[in-house]
Amino acid sequence: MIFTPTVSNQLGPYLLGTILSSIIYGITCIQVYIYYRYNQRDSKALKITIGVLWVLDTLHQLFSIIAVYDLAVTNFGNEAALGFPPWSNMASIPPFALVEIIVKMIYVVRIWRSSGKNWYLVTPIIILSFIEFFAVFIFCIWGLVIDTFEGFAKLGPFSYVGLGCSALADVLIAATQVSVLWKMRNGFRRTESIARTLMLYVINTQLLTSVFAILDILTFAFLQGTLIYTLFFNVLAKLLLSCCLAMLNARRELRENMNTGDMLSIPLGTSGSRTAFGQPSALRSGGTQDACKGMTIQISKSTDVKFDSFSAIDVEARAVDAQFPDDKN
């Protein structure tokens with residue numbers, strides 16, 4: 001069904017989508033800062049990639065804001081202008097497409113490394129990602145020729161293929177990561193807990209992007225002539241990068257959880273005071289018997305866990321830290 005363009009179904013959804021995407025963009029900026037502040041061990045290639053993604057995400061947000069300004073301010077009171085897309089509307093699509101495929105390739109590399117370089121797991125994701133990329137670019141090129149939002153209905157097949165492949169790729173990314181993490185389980189309580197945490201995080205984030213892609217398809221297909229689909233499209237452009245950065249930044253906390261040792265305290269006397277074990281000054285000042293009355297032994301317990309290349313869950317090298325190889329040159 002094709003609807004008549006109005007302020008409520010054109011400018012309203014576009015404005016809401018831009019506001020929501022601006023909020024997520026702000027969160028992304030904080031995540032980028034945290035990434036560069038605390039992930040010094042990552043390779044130069046990954047650091048440069050994150051910087052490029054932030055620039056592309058910024059361009060997408062800038063074009064979205066310009067489009068809203070053109071519709072709401074430049075053409076204020078001109079309802080006829082609501083049926084014609086501003087140039088910035090189509091200009092925001094290439095940055096979106098580039099962010100999508102680059103982020104998906106980051107996931108592909110991590111899955112490939114953590115699965116023992118299993119190409120069978122990542123090949124379907126690669127194919128779907130490139131189909132989405134080319135479909136979105138074809139949509140953008142033809143969109144420059146079509147001068148009305150109503151005419152975008154002719155580009156429906158490209159939109160359905162691109163967003164459909166995006167949703168399916170996100171589902172496959174979630175499924176393959178969960179599968180790899182499940183196989184890495186080894187029965188240890190701490191590693192089991194981290195594996196479950198990663199599984200839940202992967203499922204929640206990847207399925208969220210899939211849901212927004214599906215909603216984008218449905219609103220584009222059944223609410224033609226409106227811009228309601230842009231509400232989901234603008235948010236979708238931000239979610240994938242934000243989720244990827246959150247996963248990368250979570251590695252530090254997971255490493256700390258893996259390396260945390262427990263402290264055991266054993267009181268040996270009736271005195272409320274506690275003396276560190278092995279302090280010769282205590283013995284010299286009060287004598288052997290007096291010192292022992294208030295003595296407490298503190299035992300720092302540390303656990304060294306060794307993993308081979310195909311161990312159950314090597315959080316440092318595989319599940320948590322799977323990424324581009326370190327490049328210190």
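Just so you know, glycine gets a Cβ as well, placed from its N, Cα and C.
TrEMBL does not curate its annotations; it predicts them automatically.
Here TrEMBL flags 166-252 as domain 'DUF6534'. What TrEMBL lists as transmembrane segment is 14-36, 48-69, 89-107, 119-146, 158-182, 194-215, 227-248.
When each of 14-36, 89-107, 119-146, 227-248 is scored by its Cβ pairs under 8 Å to the transmembrane segment (48-69), the top-ranked stretch turns out to be 89-107. Listed as Cβ neighbours of the transmembrane segment (14-36) (distance under 8 Å, sequence separation of 6 or more from its ends, same chain) are residues 47, 50, 54, 57-58, 61, 64-65, 67-68, 71-72, 227, 230-235, 237-239, 241-242, 245-246, 248-249. For the transmembrane segment (158-182), the most Cβ-contacting stretch among 89-107, 119-146, 227-248 is 119-146 (pairs under 8 Å). With a cut-off of 8 Å between Cβ atoms, the residues of this chain six or more beyond the transmembrane segment (89-107) that come close are 46, 49, 52-53, 56-57, 59-60, 63-64, 67, 125-126, 129-130, 132-133, 136-137, 139-140, 143-144, 166, 169, 173, 177, 233, 237, 240-241, 244, 323.
With helix defined as DSSP H, G or I and strand as E or B, the domain 'DUF6534' (166-252) counts 77 helix, 1 strand, 9 coil.
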